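Visitor: Below, the features straight out of TrEMBL:
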{"type": "TRANSMEM", "residues": "A:27-56", "note": "transmembrane segment"}
{"type": "DOMAIN", "residues": "A:87-302", "note": "domain 'ABC transmembrane type-1'"}
{"type": "TRANSMEM", "residues": "A:91-112", "note": "transmembrane segment"}
{"type": "TRANSMEM", "residues": "A:124-146", "note": "transmembrane segment"}
{"type": "TRANSMEM", "residues": "A:173-195", "note": "transmembrane segment"}
{"type": "TRANSMEM", "residues": "A:227-247", "note": "transmembrane segment"}
{"type": "TRANSMEM", "residues": "A:286-306", "note": "transmembrane segment"}
Amino acid sequence: MSQRTPTAAPPRAPWSYTRFQQRFAPYLFVSPFFLLFAVFGLFPLLFSLFLAFHLWSPLDGVGNWKFVGFENFQLALGPTDMFWKSLKNTVWIGLLSGIPQHLVALPLAFIIHHSLRRFQGAFSTILFLPYITNAVAIAIVFATLYSERLGILNYLGGLVGLDPVRWLGDPNMVPYSVAAVVFWRYVGWNTVLYLSGLQAISEDVYEAATVDGANGWQKFWYITLPLLRPMMFYAFTLTIVGSMQLFEEPFMLLNDGGGSGGAGLTSAMHIFNTAFRDLDMGYASAMSWLLFLAIFALSMLNNYLFSRDGGRR
Amino acid sequence: MKQTAAFALATALLLGTAHAQEKVTLTVAAFPSLDSAIKAILPAWTKLHPNVTINLQAQQFADHHNAMTTALATGQGLPDVMAIEIGYVGKFAEGQGLENLNSAPYNAAQYKKLFTPFTIAQATGPDGRFIAMPTDIGPGTFFYRKDVLDKAGVNPLTMQSSWENYIASGKKIKQKTGAYLVNTAASVYNLIIRTNLKAGEGIYFDKQNNLLVGPDSARFVRAMTLAKQVRDAGLDAKIGEWSNEWYDAFKKGTVATQFSGAWLQGALQNWMAPDTKGLWRVQNLPEKGFASWGGSFYGIPSKAKNKQWAWEFIKFMTLNQQSQITAFEDNGAFPALIAAQKDKAFSEPVEFLGGQKARVLWRDAAAKTQPIDVNKYDSVADQILQTELTNVLEQGKDIKQALADARAQIARRAR
């Protein structure tokens, strides 16, 4: 053991530019993101969590909130509350639009990739158009298509002797009408996703399969589908999250009430109405968090189904 | 109290002596088509107060009210004068963000008798605070197609006498002309629940916040029952308001009657169905029901910078007879000021209504309209009941059951 004498720390420069640069400049450079996130991301998040436990109308002014504990959550989870109905609508419209989206997008991408490769660029552009179309234009076009007395759909139906359908008036019809618009809007987006997934699959695998005598269907089922799994997981997750937060399409077609009997009232619309029409911010915040939990649970379920199936690999 | 006194003194000083020279910019936030009325009145104001510039900020209807709600919540970005539509005035009256015009220096109590009475109640909160001055009103009225009724041999006065006769006439109209009675059965429901309320009653709640909806409420049972009769007899066209079908029905005369505010005449004439000039008439609502159908107000945010001038401006817009008539001539905004309703323009025939002296009728209807108590949970109750009404009309749900369910749901939300 050697004797150690405590040595004095090297003298510190009180302030040096180099030292500042090394220690603090990186923080300064990344700070814009964190500042923006704190103001527009974190603060609203925490504030809505805070409000979920309070009764507050914005017209009462900041500070005049009343603590109510879990009352807002109990209210939303009550069996007769509109929240359940809106959640049911949301899931139903989500299934009606989401499942066909993938059932069409996947084979479509496969066909474009393998048979129509020359036109792939053109197809991608066309398929992507609905996704970037202005919402107001969509509302006007579909309102014209769906119009009961003046609409093109009922006119065409009438030519073949069908009775006019109340596309946006009959509560039983509303979810289908809304789902059709959602399907139209996002099927191209999913196709483009799958196309990019297909491009990542090596040609060698298909060539090997051709040599082994596999037909088109077998290639799709035994090669494309399994190798597309990561992209499918990604696309499914986006569809689930998007469907659960569905707002724009039903709002455009049916206005804020969600149409006849609220049959097209989605959870996001109900939350919007509760917050900005009824000015019940606490209840709206509580429902937002419940919706978040629902989305989280469904995403986890999706994750589980994909990973369990993938265990065979 | 001290603050009020100081403010009163400052106001007196400002208005009394100093203001002749000072340059002021007054921010006024409004929505269409009230902004058009303000623009029409501005020249007269500028003539009187050349040193006060009006900065008019107009946004679309919903955007304006959302922006005002947010501004009131945070106290930021508030205008000096805030225009408020009738659907929002009750909510804003329940908050504390607007000046109480009853108190000094405004002392608006002295002006209240100058306005159509029910508008004052609309702008008064449950605690008695009076937060906005009325500028225009929408007297409820009963539009009908004279040509269609003539063809069916139906006397409009019979339709007006009772709801039962209204429906009976509707059957006759449908049979003889093929025209529907009304755009949607919900119109009948919506009108019945809004008329013939007792003093101290709102549509859904009374003054003491008691819920009036339920299976025992004669008003709601009757409203749903009659709406159901209309639907079952196939008398409604099942079309919503503000839709292409609605405008088309006006143009083609496929719907014989429409309950609305007096303002619908202007809309029909200007853009909805100008070619139907002379075919329409109006009368009072069935069973002497009088109802208010729209209206606008002006209030002053407590955090406004120029309250003195804001108040001067509001007085000029609402209490000045010529301003009110200018607004009426500009876009048909029916004056809330009683004196303005006595202008000679009101006894002139309306050519679109076949030369009927409709404005006199609307003026009387407005005078007979009773104040309706508003409640901050009105919009909650409205949404729940509309859904239950659809259950009754579309799915054959029992009316008493629907009302019991609605009652339970509303009671949970109205805390």
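Including glycine, each Cβ sits where the backbone N, Cα and C put it.
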Visitor: Does the transmembrane segment (A:227-247) make contact with the transmembrane segment (A:91-112) through 3 or more Cβ pairs under 8 Å, each pair 6 or more apart in sequence?
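Guide: Touching, yes - the transmembrane segment (A:227-247) and the transmembrane segment (A:91-112) meet the threshold of 3 or more Cβ pairs under 8 Å.
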Visitor: Compare A:27-56, A:91-112, A:124-146, A:286-306 by their Cβ pairs under 8 Å to the transmembrane segment (A:173-195) and return the stretch that comes out on top.
Guide: A:91-112
Visitor: Give the nonlocal contacts of the transmembrane segment (A:286-306) in its own chain as ranges (CB under 8 Å, at least six residues past its ends).
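Guide: Distal contacts: 48-49, 52-53, 72-73, 75-77, 83, 87, 229, 232-233, 236-237, 240-241, 244-245, 267-268, 270-271, 274.
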Visitor: Is the transmembrane segment (A:91-112) packed against any residues at least 6 beyond its ends, judged by a Cβ distance under 8 Å, and which are they?
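Guide: Distant contacts of the transmembrane segment (A:91-112): 119-120, 123, 175-176, 178-180, 182-183, 186-188, 190-195, 197-198, 220, 224, 228, 232, 235-236, 239-240, 243-244, 246, 250, 264, 266.
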